[in-house]
Each structure stands twice: as structure tokens, then as C-alpha cells.
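Everything on this sheet refers to the single structure shown next.
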């Protein structure tokens, strides 16, 4: 069956549809982001008005704030509807809350004419030091220092009357004052000499002498001066209203030095602020004229009950001077007219904070807080009205935004639908093209590659990326999207999108075919370099490989870092790839380590899976697997040999036992006969001895075979070890006496109880005593000791060996090993081996100590009371 869905007509149709969707999608996205989003309107619904948009709300809110500020400044600087430079400004109030006061100086504060303050701000202000001198008679004088170099100043009493006309010589930082009233030439020369002396003697740069009359110099440090205080003052270029100077005002008002200092500070802060407010006021006269703005504001004093054309020009602060052509009966009549004439408005009553708003994006708390900062300078309470002329006759920002809204509203809806439909169809066609890439109508499943797919991966990427980058660069430097009309934008944007998307599809579909055919990596230049590098590295030592890899890692990082933004991005990707590779290598080594642990734990057949291991780790893993296989084979061979040996011993012992039993029985029958021949009786005795020895040997072989094969069953019970030793001493007393061995026993009288198998433990002790009887030097002592140390029971037997012990102590417990391999005495070499194995099977320890000819065996068992579950049992 042929796969018709992969036919070329379907692929071409999908490709064309993808191109169309790409153009529609890009154009729609740009329209939404640049034209719609850039305008601030966002998506515009079908029934949504301009006034309901967020952009309108934000702009109106800003205009409300500006109207409040404009009304506040207009009320400050105008009188009877026109600017009045003679308005008196209370600098204390202006510095405190940005108001001028009553405007006529009746508040009693320090006032200046508005024109003087503005000229003062333009001329600039200078600050310096003011000396306040208080005399014993209560009069006060002031001396300024650090200001402009005046030729004449005056010293004033507290009431502002001149005490003396003084001439000031300003030399750098010090000022010296002399009287000029009735001064002769001799006096002037004398005063000049005094001045020069003062300049040389003054440390702080301040005046030390005053001339209070026409003839006599006055020393400030004498008793006639009560106090001298220093203030930071502003140079008085203009006099306050009604006073000759600020100091005259201060003396009349009986102000303290601190209060006088505050007046200077208020003046210093008022001068720049009032100029800025005046500059903003002059700007607002033009910006808030009805022909320039669609915002309307009114500040109506509550005292104005009749709203007439005359009141509009003199009493009401507004940017609509020609509004009151008709006479309204009351304020309510004017407010009703505003409600009916304007769609969006707000009315705020300062007396009771009554707030009415329609379509205005500001709350009462926000408005009252702002009005408090920019309160209009009117007498008493007032009504603030701000409205928007929805006719948008003036060409302000609101009118411009209204025009943009009407142009963008229909386009935005089409653009949003274009984004949604274009994105869905684009994704569907991309899915189909991805599935169909490299496929044909045949069923063989082979991926079809074209000539471009056989180009090296990196070269193919450059062939597509470089032209695309050039196109984007030329478009970016030659076209501004915002400056293009919609038809021009559609042509330029659509053409560029069509070309770029076509190049993207060529590269993307080729990439998909390469991935499906598994040629993306193998057909790359980097793969060829890596292969060549890998071949070189295979023949290098591990340390060389590590060093080369480390240096190469840093070189790549340095090169990528030098490429800045894109290079840093590639460097991060490269470092992440190296990190992933190292993690994979670490995971592989961990699998190898786990395999080694399993093999070392005895699981010799364990194999490390090789499917996820590569490189040097694979060689390592193969060596570990081979090592495990070799160990497994060696252990298996050893176990097989041991089993064969055990089976051989068992079978041979069994075969020997049957005739040996008959021999022993016949020897016993011969012993019962009355044989007179002495030689014959000796032969029978030797025959009996050898037969018994052979029987004992077969028993040892069978016992050793059972122990090595693990077929020994233990009957563990509480056992009096002390009693067993006493019985054994009795059993071997004759043998020891026959050889001249003196048995010396040291053990407690009370029972020593352990948990053991009585029959197996007897075999252990019997083998030890037999070993001593056979190999101890005749006519020596044999020491037997039984003690309890803590919860452990210790039994030891030691003797002097008849032959030199030229062997390791551990080898004595191996089977078929004897202390003197060259000796011809009787012994099979199984006794100590059986004794050790039986002891260890009963949870005891068996130790041999050799020191020259001294032979000592120590057996240790836990005391019965310290063994859990020690009543009876089997093992």
C-alpha cells in the first residue's frame, strides 16, 4: 500500500500554506506589538470606546494633575483675572505650603512683592555670614560679611534707625567698619591704621572694633558689648514690604536669632521655587488655552454666589475666561451646566470634601492628597471642577490619541485574529512537514536525502544563516517600521518574511531528514575532527589524554569568550555539554565500581553491562568482566577439586573400614586363643596396634571430610568444661606416665559451664592430649590450665616438643602437615586441623603459640550465661 499522504503535491501545498501563514503571522504580530501595543491601546473590542481605553485613562489622569497645578499657580499670580506683580508673597507660607498668603501683607508675615522675588531669582542670590551685636544698653547692630563689595553700609539700631554711616573695607574674608560722621583727615588716617592692625591681628576673619560715634573707636571685647552671634544670611538685594531689611523686621517683631535664621532659610528656599512656579504659570497660559487643550478647569470660591461674566474674569480661576457669557443664578446652575455640557468631569468641594466624578480615573483620596500639595490661593473654601471636552476640537495629545485610536481599532481586531489563525495553521503545517520530511510514497521506510542534505552540517548552516543575517541587517539599517504606512509595511514585511521563512524551511526540513537518517552528526566537520582526535588519543597514556583534554577545554572557553555575546552563549552550551559528558563518565565508572564490589563480595558471576559504557571505561569494564570470569572459573575448579578430594577420602575410608573391621575382629579372636609362642603374641600385639591406628586414621579422614564439606551437625548443650578436662586427665594418665610426662593442672574447683557439643568437644580435647602424648619430650612437664576471664572461658595446654618446631604456627593446623616433616614418628597431620575446625564450628577460637621448643594451644569459648538461647540447640 502506497503512502499517498507523502506525495509531492501534498508537500508542496503544505509548503505554500506554511509560507502564507508565516507572512500573515509576522505581519499580525508586528501590527499588534508596534502599531497597537506601541500606541498603548492594546486589543480594542468591537464596542469599546476611546474613553474606556487605558491609554485615555492614564493621559486624563496626568492632565488632571496638570490642571490642579495650573489652577494653583494662576490663583497665586493673578488678581482680578490678570497677572499682578505687586502681589505680596509671604515667604514663610510659601516655603511651608507653597501658598502666598493673603496677597496683601495683612497676615503679618515677612512679605515681598512678587516682581522683586522674580527679579531676585533671575539675578541670583548670594549667601554669607551676618554678625548680630548686642550692646549693654540693649541696642543691636548687624554686620554682613562675605557679600558683594559695597562701598557704603549702615549700622542700624533695633528700631531700624541709622546709628552711623560706616565705610567698609572688604579684604578677602574680613570686613572692618569705621564711622563716617564728622570724620577728619587725621581721624581717617588713624582709623586706617587701626584697620590695618585689625586685619593682621584677626584670627577668625571677623571684626574686632566698631566705631559707634564720629570720633571714638569701640572695642567689641570690652564691657559695652553684651553678645555677638553669627548667622548664615542671604544678601538682601530687595527690601521686604514695609521694612528696610529683614533685620529691621526681626527687631520690630522681637524675633530671636533662631527665628531670624529661619526667615533667611525660608527666603533661600522660596526664591528658586517661586521662579519655577512662575515659569510654569507662563507656560500654562498658552498650553491650557481652549485652543491648545481639551481640558477645562474651574476654581470657584464658595464666597462667589453669583456667577456672572464679571466674576469669571475677576473671581473665578479658569482657563475658560469667555465661558461666562451668560449669567447663572447660582453656583449650582453653573455646576448643572457643566454636568450637561461635559461627558467626563469631576467636582470637588474643599469645604466638606464632597466629590463627584463621571468617567474620571481618580479617587477622592488621590485628588484630595494632590490638592493639599497644590492648594489654590483663594480666600476660604472653593469648588474645583475639571472636565474633558469630548469634541476634541483642540489639537492636543488627547485629540491625537483619538485619531490614532480610530485608525488602529479596526486593524487591531484583524491583527489579533491573524495571530491566532496564522499560529495554528503554521504549527499544523510544520507538524506535517516534519513528519513528511524524507518520506516517500513507497513503503520501504528509507529516508530520502537530496544533494543539500549531503553537504557538511556546518557548511549547510552557514549557507542559510549568513544570507538571512545580511537581509536582516540591511532591513534594520534601511527601514523604520514606525515610519512606514500600512501598505508599504505590508509589502516590505511580507517580502522579507517570505524569503526568511523559505530559508528557514529549507534548513529545518534538511535538519529533520539528517536526524531521521542519523547523518546530522556523522556528516559534520566536527565529527571528522573528533574522530581524528580520538584516533590520536587512543595511542596516548591516560595522563596525556587528561592533560590534552583539560588544555583543550580551556582553549575552547577562551576562544568562545572572546566572541562576546553569542560566543558566551556558545561557551555556556559547550560547558554544559562537557559537564553532561563528565557526569556520564562518572556514572559509567560507578557501574564498574559496583561490579567490582559485587565480585569482591563473592558474586563471581557478576557481569558489568556493556551497552551504556564507552571509551576507556569500556576497556576497563571488559577487563573487570574477564577478571570476574577467571576468578569464577578458578573458584569453581577449586570447589570441584575439593569435592573430588572429599569424595575420594570418604570412599577410600569407607572401603578401608570394612576389611579393617574384619582384621580387628580376627586379631581380637587370636588374642583370646592360648598361644604359647611369645613371638606370635608379639606379632598379634603389633597387628592390633597398627589396626587400631589405621582405624583411628580412617576416622580422622572421615571427620575431616565432613568438616570440609559442611556436613557436621552439632548438638549444642550446656557442658561442664571443668569436668570434661578432669575426665580427659584420667583417660591419658597412663600414656603420660609411660612417657614420663608430669601433668600439672590449674583449674577452679567450681563448675565452668559453656555451650558446646560434648562429643565434638571431647574429640578436640582428645586430639590435643594425643598430640602431647606423641610429640612431647619425655620426662618433662605438661601444663593444663582452665580459667575464666570476664565472660570467656580459656583452656590451654603446653609442653616441650621432643623435636625442633621448624614450621609456622598457622601451618600446623593444615591437614596432613606435621611439626617436623622429616620425622618418622607416628601421626597423620589431621589431629590439630580437626581440633581447630571443630572448635570454630562451636563458636570458639583456636590458637597455637610456638616459641622455640615450647608448644602451646589455647581454646576460648564464651561462658554459658553470656550466650543467648544457650539451653539446648542444634547447628
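The backbone N, Cα and C atoms fix where each Cβ goes, glycine too.
Checking the ranges 364-388, 389-413, 414-438, 514-538 against TrEMBL, the transmembrane segment annotation falls on 414-438. TrEMBL tags one of the stretches 543-560, 561-578, 579-596 as transmembrane segment, and that stretch is 543-560. Sequence-distant contacts of the transmembrane segment (12-36) (same chain, at least 6 residues past either end, Cβ-Cβ under 8 Å): 42-44, 408, 411-412, 414-419, 421-423, 425-426, 429-430, 432-433, 436, 481-482, 489-490, 493-494, 497-498, 501-502, 505. Long-range contacts of the transmembrane segment (459-479) within the same chain: residues 452, 492, 496, 499-500, 503-504, 506-507, 510, 525, each at least 6 residues beyond the stretch ends and with a Cβ under 8 Å from a Cβ of the stretch.
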